[in-house]
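A.B. asks: Annotations for this protein, taken from TrEMBL, read as follows:
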BINDING   106-113, 189-193, 247-250  GTP binding site
DOMAIN    268-281  domain 'SRP54-type proteins GTP-binding'
Amino acid sequence: MFDNLSDKLDNAFHVLKGHGQITEINVAETLKEVRRALVDADVNYKIAKEFTNKVKEKALGQDVLTALKPGQMLVKLVKDELTQLMGGEAAGVNLSGNPSVILMSGLQGSGKTTFSAKLANYLKNKKTKKPLLVACDVYRPAAINQLHVVGEQVGVEVFSDEGNQDPVAISKAAIAHAKENGHNVVIIDTAGRLAIDEAMMTEIANIHSAIQPQETLFVVDSMTGQDAVNTAKTFNERLNFDGVILTKLDGDTRGGAAISIKSVVNKPIKFIGTGEKMDAMDVFYPSRMADRILGMGDVVSLVERAQEQYDEEEARKLQKKIAKNKFGFDDFLNQLQQIKKMGSMKDLLGMIPGAGKMLKDVDIDDDAFKGIEAIIHSMTPEERSNPKIINSSRKKRIGKGSGTSVQEVNQLLKQFNQMGKMMKMMQGGGGRQMMNMMKGMK
Ligand SMILES: Nc1nc2c(ncn2[C@@H]2O[C@H](COP(=O)(O)OP(=O)(O)OP(=O)(O)O)[C@@H](O)[C@H]2O)c(=O)[nH]1
């Protein structure tokens, strides 16, 4: 995410390396590079200039006798200012009302339909919410179909009325249906167009005034940079929306939209889309995003993702097994599944400070576990629970069955062995230390 921008900002701060003090000259030089990095990332020039002016003012007003080195201090000031520029605090979704109605708007292909289903899934997982998805694209039957497909994927009911050409009537019928069937959230997916046109704007404005949603969200593709910001402006003038959803942040996006959209429309970014899968979304936290932009990783989100998959009961069982030396390949397979559920490997590793930069040009294959899984699946249940019995003829059979070599089987067995030792060690106090460290970070 934003690799280019992170690199350039990193280079900008190098100007201050070796300087013992902040001076007007070295600050100006550094901030000139920061400004250039922002503009290259497709941040509007005026916003970039205002940004660096603010940082400069703060930097020169600082007491030079600070505990931080000039470079560190400037990074901190840039981080704070970036956080402010992106909205300061995270903004929630208004879920008052029964049902609470959420209207999705945006251009065609921005990711509206995908995000509607992601949001439904996210709310459904909150247990107290029972969402209903509504297909309001009256022009393309394929769009209605698409919503049914993603709705099914996340296990959320989809309301549609194919052939009905009146989106206001469909929305009203959907809300009535929701009331009758105990849905407390209604998410309305509307039609998108390739370019902003008057008819489309009037249509969505009509839906908006007829149903008075609790929340109107504008979905925009972050890859479109300044265009994203301009489209947001036009939609906001007509709909006065409540928040922005920035999609496709997993792609090769430069970051301009994420950084400047809030200051242009004065509406917060509420969520981000980070992939095509239904769980590839995150609440937008300006401060964590600033950390990522500055190459500082996002450990808090990483820990949260791990916690989402954490099952206390399972963890207790696992601990017992480790203590009794009974951790087998079935448990290992289970753990792999949990990691996979946390997101794509590149995305996860990118949250580790410094790793994003190192991995920028590395292609991490999410199928990397496939070979390991194949080997484990080729073991008998007995071999899985007691790997010690795997002798050389068994290794040959496992290699053959999994389409791998004996060396690969050996390698996995060795790593598994080492892992077992490590886990035992962590149980002897090291694990507790690690947990405390994680709690401290949160
Ligand atoms: N990589 C990536 N792809 C995404 C993301 N969100 C959506 N997409 C993809 O972008 C494409 C367009 O998404 P849709 O949800 O169909 O877009 P839409 O705005 O509903 O488009 P219309 O229904 O045609 O108006 C699809 O191929 C999605 O899988 C994301 O966060 N990351």
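Cβ atoms are placed via backbone N, Cα and C, with glycine included.
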A.B. asks: Those binding-site residues, Gly109, Lys112, Arg193: which ones have a Cβ sitting under 6 Å from ligand 1?
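C.D. replies: Listed by sequence, the hits are Gly109, Lys112.
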A.B. asks: Could you tell me which of these binding-site residues, Gly106, Gly109, has the greatest number of Cβ atoms within 10 Å of its own Cβ?
C.D. replies: Gly106
A.B. asks: Check the domain 'SRP54-type proteins GTP-binding' (268-281) for me and report the mean pLDDT.
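C.D. replies: PLDDT averaged over the stretch: 91.
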A.B. asks: Enter the number of other CB atoms within 10 angstroms of the CB of Arg193 (GTP binding site).
C.D. replies: 15
A.B. asks: Long-range same-chain neighbours of Thr190 (GTP binding site), Cβ under 8 Å, sequence gap at least 6?
C.D. replies: Leu103, Met104, Ser105, Lys112, Cys136, Asp137, Pro167, Glu203, Ile204, Ile207
A.B. asks: Write out how many residues of the domain 'SRP54-type proteins GTP-binding' (268-281) are helix, how many strand and how many coil, based on DSSP.
C.D. replies: 0 helix, 6 strand, 8 coil
